[in-house]
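Among the features that Swiss-Prot reports, active site is placed at His5, with the record citing similarity to another entry. The annotation Mg(2+) binding site is assigned in Swiss-Prot to Glu25, Asp27, Asp84. Taken from Swiss-Prot, the feature active site, nucleophile applies to His41, supported by similarity to another entry. Positions annotated as disulfide bond by Swiss-Prot: Cys45-Cys51, Cys47-Cys189.
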Amino acid sequence: LDMGHMVNNIKQIDEFVNLGSNAIETDVSFDKKANPEYTYHGTPCDCGRDCLRWEYFNDFVKALRTATTPGNSKYDKLFLVVFDLKTSSLYDYQASEAGTKLAKNLLQHYWNNGNNGGRAYIILSIPNLKHYKLITGFQQTLKDEGHAELLDKVGYDFSGNDDIGDVQKTYEKAGVTGHVWQSDGITNCLLRGFTRINAAVANRDSANGIINKVYYWTVDKRQTTRDTLDANVDGIMTNYPDITVEILNEDAYKKKFRIATYEDNPWETFKE
């Protein structure tokens, strides 16, 4: 996956897809009552990026639905969206409520109440292991609303760079047994080693690991892109998706990697 980083403004959906992104990451901020309010990152953010682009969450999600509905020119290209849920503004006890409100919002504005809504896969990316009840609240709400089938399109990620063993235990608490993506990374302003990404890949490839896919962020330089592919990741999050496309076309990588499409299953671990 060539994942466009920090896509918080409706115009940027086109911009990143046109540069080659088949997935985007969008920041979601919450109000005091745990309602998803804006797609907004704020300062500080990645070097070389405008941190202040934003939309109302509902408006962004409706535009996303249009972009990922058959018949739209972007439909074939954009097949996965990571919602980077900025839950640090909430109290821990609000996590479940945030999950409920997010589910109701997406059900209405993205999935169109199950009636020919957006088709992209959705990843709920949560920065704090303590907020795992966001997942259970989200799942229960879709079940209560009679749309458990939409959970087939939803996956999970804890983005806090926690110990992989602790992440696995947290999923056990949440009752999650699949659809698990694992991120690792740091802002493009700083360098980060590959120790933890290697641990995540090892968990993915082991018989008893819970991880299905691994992605690394934020990768903007050509050499870092090569190093990341050499670590055998499934996704690269970047501010420059065209650089990822360029490197994937190099002889060393074009036989081993390709850009994923709707024919692929993002919850299935790739076996060589």
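Each Cβ is built from the backbone N, Cα and C atoms, and glycine gets one as well.
Given the structure is predicted, the values throughout are model-derived calculations rather than measurements.
Other C-beta atoms found within 10 angstroms of the C-beta of Cys45 (disulfide bond) number 21, with every protein chain shown included.
Within 10 Å of the Cα of His41 (active site, nucleophile), the following recorded positions from the list His5, Asp27, Cys189 place their own Cα: Asp27. The record gives Glu25, Asp27, Asp84 for Mg(2+). Within 8 Å of the mean position of their Cβ atoms, the other Cβ atoms in that chain belong to His5, Met6, Val7, Asn8, Thr26, Val28, His41, Val82, Phe83, Ser125. For the disulfide-bonded residues Cys47, Cys51, Cys189, the ranking by surrounding Cβ atoms (within 10 Å, all protein chains) places Cys51 first.
Counting other CB atoms no more than 10 Å from each candidate's CB, the binding-site residues Glu25, Asp27 peak at Glu25. In the three-state DSSP classification, Glu25 (Mg(2+) binding site) falls within a strand. Nearest Cα neighbour of Cys189 (disulfide bond) among the listed recorded positions (His5, Glu25, Asp27, Asp84): His5. The Cβ of Asp84 (Mg(2+) binding site) lies under 8 Å from the Cβ of Glu25, Thr26, Asp27, Val28, Ser125, Pro127, Ser159, each on the same chain and at least six residues away in sequence.
Same-chain residues at least 6 positions away in sequence with a Cβ under 8 Å from that of the residue listed as 'active site' are, in sequence order, Glu25, Asp46, Arg49, Trp217, Thr218, Met237, Thr238, Asn239. In the structure as shown, the Cβ atom of the residue listed as 'active site, nucleophile' sits within 10 Å of 23 other Cβ atoms.
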